[in-house]
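One structure is given here, and the rest of the page talks about it.
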Amino acid sequence: WVSNEKVFYRSGVAQIQFADQKQEFNKRPSKIGRRSLSRSISQSSTDSYSSAASYTDSSDDETSPRDKQQKNSKGNGDFCIKNIKQADFGRREIEIAEQEMPALMALRKRAQGEKPLAGAKVVGCTHITAQTAVLMETLSALGAQCRWAACNIYSTQNEVAAALAEGGFSVFAWKGESEDDFWWCIDRCVNVEGWQPNMILDDGGDLTHWIYKKYPNMFKKIKGIVEESVTGVHRLYQLSKAGKLCVPAMNVNDSVTKQKFDNLYCCRESILDGLKRTTDVMFGGKQVVVCGYGEVGKGCCAALKAMGSIVYVTEIDPICALQACMDGFRLVKLNEVIRQVDIVITCTGNKNVVVRENLDRMKNGCIVCNMGHSNTEIDVASLRTPELTWERVRSQVDHVIWPDGKRIVLLAEGRLLNLSCSTVPTFVLSITATTQALALIELYNAPEGRYKQDVYLLPKKMDEYVASLHLPTFDAHLTELTDEQAKYLGLNKNGPFKPNYYR
């Protein structure tokens, strides 16, 4: 499925420590306790893709799915979701998503006869949305068995989870999980009699962490890990540096198709969607500060600038800072503009980017939200104090009120805005999902010894193949090199056209 050439390169090691997961999944709180936990500040990396557009919100039925006994039409009950009766609605959403995911559908059509994942037992922890459903059904068509949990307590589309359960998938997820529910669902995917995973597809590293923590012997049969988020990749590099990574891992996050498409174009479109749905704010003339000018920050800034906003940027990296300046944005420190801005957006992947001191100085009505992967960028925990009052405005929108009457508008409790409050473009997710599928195929079918116990980057040949599968959607026609041109450039006429260090 990909070139047999040994073209994977190791990347640098990031110093990110595992969060200490203090709650145990088997200590089940009361119903009231579970509801209060769902409003608590999760220290796990429970954020990356999805849609909040579910037909029912988690508050519609106070009964926890863990307390229900549900079966699909075939009598199978190996799942835990909100409501199996929503399956028909979910199936229609999946069918819409299929139209915007041409590469996955092409891969399904080309490969289902050969079944390159026959015998694969994939355990996954990602956002459970219509787009993920297309990926899961593609993996199944290619021969894999799948068990799935959500990587985000707010992002699951309940109707899609129902459709997957009706289709025979073992899915454990619902919108509005508590922290305890989150780990319980992951454990139900992993800890099942008579079934043991041999591949991991993770988004954020929580699934991988849970297996290392609770079931380390499972890694004896696991062939590899595919990780798509910056947080999860950092965790893998940490394990690798410590000599504790015992299987090969594929870094999807740093593939060109993820960085230059998902991070940039997805956020460029979804930042406005998330803000509009939650606040109905008008962007023209608003002063906005965007913390971070990586690919996500670039997408957010471009969208806001196009809508007439006055955009400031904060950065630690002089290269990204210079890019922001050359793109026409004023580079500032956060404390220089915090009193005057109308909207604060974090997208750094770091922690404590916006702290209590900044929150205290914000103007009345300032909107605060996060577009980075983790929910640690805004110090929301510092707002859980007796002198501040929290008012729920609507789902994922809270007023935090100071004693003098000043209030800020906090979105998604500091979690990922677009995944918690709106939708993301399906076509862009098709690019990332296809890359994930190919990475699984490669790791699963690789001969013993090709990959060591380390973290690998995807070869550019795979990136280019994924891109080429999406070009027919635009009726695009690639120019081909002549033999003379290929020789002049020192390239193969069929690629790869970029070196492996290209990012």
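A Cβ is built for glycine as well, from the same backbone N, Cα and C atoms used for every other residue.
According to TrEMBL:
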REGION    24-79  region 'Disordered'
COMPBIAS  28-37  compositional bias 'Basic residues'
COMPBIAS  38-57  compositional bias 'Low complexity'
DOMAIN    263-424  domain 'S-adenosyl-L-homocysteine hydrolase NAD binding'
BINDING   Gly294, Glu295, Val296, Gly297, Lys298, Gly299, Glu315, Asn418  NAD(+) binding site
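Everything TrEMBL records as a feature, shown here on the structure.
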residue: Gly294; record: NAD(+) binding site; CB count, 10 Å: 20
residue: Glu295; record: NAD(+) binding site; CB count, 10 Å: 21
residue: Val296; record: NAD(+) binding site; CB count, 10 Å: 28
residue: Gly297; record: NAD(+) binding site; CB count, 10 Å: 28
residue: Lys298; record: NAD(+) binding site; CB count, 10 Å: 23
residue: Gly299; record: NAD(+) binding site; CB count, 10 Å: 23
residue: Glu315; record: NAD(+) binding site; CB count, 10 Å: 23
residue: Asn418; record: NAD(+) binding site; CB count, 10 Å: 30
